[in-house]
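Peer 1: Okay, these came from TrEMBL:
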{"type": "TRANSMEM", "residues": "20-37", "note": "transmembrane segment"}
{"type": "DOMAIN", "residues": "21-263", "note": "domain 'Amino acid transporter transmembrane'"}
{"type": "TRANSMEM", "residues": "44-65", "note": "transmembrane segment"}
{"type": "TRANSMEM", "residues": "85-105", "note": "transmembrane segment"}
{"type": "TRANSMEM", "residues": "126-148", "note": "transmembrane segment"}
{"type": "TRANSMEM", "residues": "168-192", "note": "transmembrane segment"}
{"type": "TRANSMEM", "residues": "212-229", "note": "transmembrane segment"}
{"type": "TRANSMEM", "residues": "235-259", "note": "transmembrane segment"}
{"type": "TRANSMEM", "residues": "271-294", "note": "transmembrane segment"}
Amino acid sequence: MTTLLGLLDLMTKAILDVLESKYTMPIVLVFLMFPVINLKSPSFFFKFTSLGTISVFYLLIYIFIKSANWGVNINFVDKTNLFYTPLFKTTFPALTGVLCLSFFIHNCIISMMRNQKRPANNKRDLSIAFGLVITTYLLVGIPFYITFPMAKSCIEDNLLNNFANHDVMAFVTRIFLLVQYITLFPMITYLLRVQFMHWVYRTVYPGFKQVVTVNAVVVTMCVLFAIFLPQIGTILRYCGALSGLVYIFSLPCIIYMVALRWCYKLTPGTVLVHGFIILMGVANFISQFLLQYFE
């Protein structure tokens, strides 16, 4: 019996070591998620992702409880105060990079709306979706930042890393967020797959072989980043600034100016205004590489 218990302890420790290691956990998740992301039916992804809403509600409840316990811990006047927070910081491009990625990711909703039963409601539904997303960001970010009981510079880019491991509610929150990631990742890969396949093959599902190949490339990149660069804030701002430069600042302006030129309505003022917008996107992207000099 003692030998059996000792063997069970060793197996449990080995399993926990695998699950807790940043080098092995991403690979474990690949075996769980890869078969799912190769499915053809879009309705499965939409219904599966809806389960992640439960995680969002729990996260909001957890943040509200923590904020109520901590109280207000912020100061805008006394620079010697532990909780002093300047109203302006030169490192703000980090935020603009992340915000660009948020906007870019949510534009993928357009791909989802291809399957709408009533396309006439797309504008209404899209407005509601963006409103709910903004509300969620604000309800999580503002209370947490204002009440965080340490210096604001101590805040980790991964929200849950700011809570103790022995916190039971934090542990439950991690479980809920894991569920959310498991439901959200197939949706994101599906949307990327649809846009890429439509661009290359002019169809959203050219065949199982092509889908598996694209998904394998995406998953490999995700695993490599998870293992060798597990800094989610850095990844988000760089990807956001790049995607924002292309899809938010550049393409809309260029397409609009080309359309005006075809109609012989393009004016120097229009070129200057939209050229300035493109330059803002370029500046936002370049600034991500210079943040260490802004501090």
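Just so you know, glycine gets a Cβ as well, placed from its N, Cα and C.
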Peer 1: With Cβ-Cβ distances below 8 Å as the criterion, list the same-chain residues six or more beyond the ends of the transmembrane segment (168-192) that contact it, or say none.
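Peer 2: Beyond its ends, the transmembrane segment (168-192) has Cβ neighbours at 29, 32-33, 36-37, 39, 42, 45-46, 48-52, 54-56, 58-59, 62, 65-66, 105, 108, 111-112, 160, 215, 218-219.
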Peer 1: Tally Cβ pairs under 8 Å between the transmembrane segment (271-294) and each listed stretch (85-105, 126-148, 212-229), then give the stretch with the top tally.
Peer 2: 85-105
Peer 1: For the transmembrane segment (126-148), name the stretch out of 44-65, 85-105, 212-229, 235-259 with the most CB-CB pairs under 8 Å.
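Peer 2: It is 44-65, which has the most Cβ pairs under 8 Å.
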